[in-house]
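Visitor: Have a look at the structure that comes next, please.
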């Protein structure tokens, strides 16, 4: 409203100023302190409790008044004493139980055949009790709508009882809320958690209760013909309701606690990772867990026990099962890893199936030949081999330089099943016709890279060419057939193939060329320590404090263009679920893997990561071992594991098969007990650098244990 021209503006009075301030305070939000909010909450709770107590007292008083008026009206206008009230209430309850139809209160279990409550006293005559018992036993039929025994009088009694119950509930203020059943749409993907008792199919119907249609149901389900699917699944141990029992029984146990039959493919992968065993070549047998579980012949197994081999070494665990199949083998392992026994045991098993040396065949040469680059190594192999052959009756002779040729010829006069030789002296013996290799069916070249490094390539070619070409394996499926190498079992050496094994610490091109020329479809074994895979992984460490900052940095890394698949590790299941929700909101489609998931969900998560449906996998240390996801480009440790070995297994998911990989780890100050090992690991890696913050941290200079950390925190 415009003010007239010339009119002076009057000052506001104190009352109007106070009124405007009051209105402004009513509109403006007022921020309460924590103490004020707690006081308001306590006051509100006290008020609600007082209102609730008042309502309970008021309802109780009204109910007492109603009961009192009902007693006065029912008793002819007079109020009875307390004992009479209790007796009359019991009589009315028993009368209602007598009048109520049987299907209103059908007991189950052992009480199914008991009389209805209230009929055991002397108040009702025997005829009434028998009639009530008869209607009680006919309850299930009535419940199914097929009650032949019900009469119009029973229906009227049921209607009267229902009306009385409704009047009673109304007077007492009891409300029965029947939830409205929602109809599920055809395209509705929301799961309905409401349970309707009318849809319960676990309760046996009347046809099954009296046994009148058991045979018909057995025919329908296929049980009569032995085709009941549920019964068959339970017999085969495939009952879905018992799946958790099997899981808790042995699925989560360590492979050391399982029997050979309980071992799954994941257990074998974990087993190979524990011993750093990598094998390729097709038809690779399972590695050896214990000596007792192998197919080694009994005499050789007893010799193993006499020598004192308690546990197989990593190279022995995989090379012996392959050697027992008479496969050609390439073993890549360092010196001193137990290679001698890994080829001696299969060699003796092979020789045991051949005829004994005699006057008729000893001049044809040995059955097995072991070539070593140096005389020291050859003599060492001879000593180790004799530990086995002394109890088996086989003869071992070494042919090395530095000894008299005549003496070595004298040692070969009676023949020998096994000869251990250096390339130079063995070539001399062949050229002088001191030794022939006409029946040599087992060849082992130890430290082949060193043989070639010492310039013995020509000697090796000469020796291998001196062997008959007729027993060289063909480049067909027979090269992988265990029985093909032995040919016929009639004692004749014709038709038997030669088994060739090549051991080396490295695999240069010259060794590969040698293997291509003289080995047929070999199996390749690589044995290394637990840190071997780390050499191809670039490790980066970032100090980030707080979950929010770590999540922000995680999103920044994922949006920087890394190719899938990507694996993100966290320590707990709750953290994994939280990360997956954040990634889902950010537009990613993560797969989740932790111990809270079922076996089916775990397999689906890994399958979605392998086929590219989910580019990111968020997992606990459950995925750090025993899974095979090829071509993982990036591993992110959102939180550092509780053990440093788990860190090695985590980053080992990338950089596999000789490919480069990247591992990014988020560190916080409470992870300081791992700083020392982490710094040393980064320093050993040829493609990683130690960050300055980690390199200069006091905990990285000296190992800090959990006990030291606990004592320091207490002080």
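Using N, Cα and C of the backbone, Cβ positions are placed for all residues, glycine too.
It should be emphasised that the depicted structure is a prediction, and the values quoted were computed from it without experimental measurement.
Copied straight from TrEMBL:
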COMPBIAS  1-25  compositional bias 'Basic and acidic residues'
COMPBIAS  46-103  compositional bias 'Basic and acidic residues'
COMPBIAS  143-154  compositional bias 'Polar residues'
COMPBIAS  692-715  compositional bias 'Basic and acidic residues'
DOMAIN    289-317  domain 'DEAD-box RNA helicase Q'
DOMAIN    320-525  domain 'Helicase ATP-binding'
DOMAIN    536-698  domain 'Helicase C-terminal'
REGION    1-159  region 'Disordered'
REGION    689-715  region 'Disordered'
MOTIF     289-317  motif 'Q motif'
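Walk me through where these features lie, including what they touch and how far apart they are.
Guide: With a cut-off of 8 Å between Cβ atoms, the residues of this chain six or more beyond the compositional bias 'Basic and acidic residues' (692-715) that come close are 541, 543, 667, 672-673, 675-679, 682.
Beyond the domain 'DEAD-box RNA helicase Q' (289-317), the same-chain residues lying 6 or more positions past its ends with a Cβ under 8 Å from any Cβ of the stretch are 255, 260, 271, 275-277, 324, 331, 333, 337-339, 341-342, 345, 348-349, 352, 387-388, 391-392, 525, 527.
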Visitor: From the DSSP assignment alone, can you count helix, strand and coil residues within the compositional bias 'Basic and acidic residues' (692-715)?
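Guide: With helix first, then strand, then coil, the compositional bias 'Basic and acidic residues' (692-715) has 17 helix, 0 strand, 7 coil.
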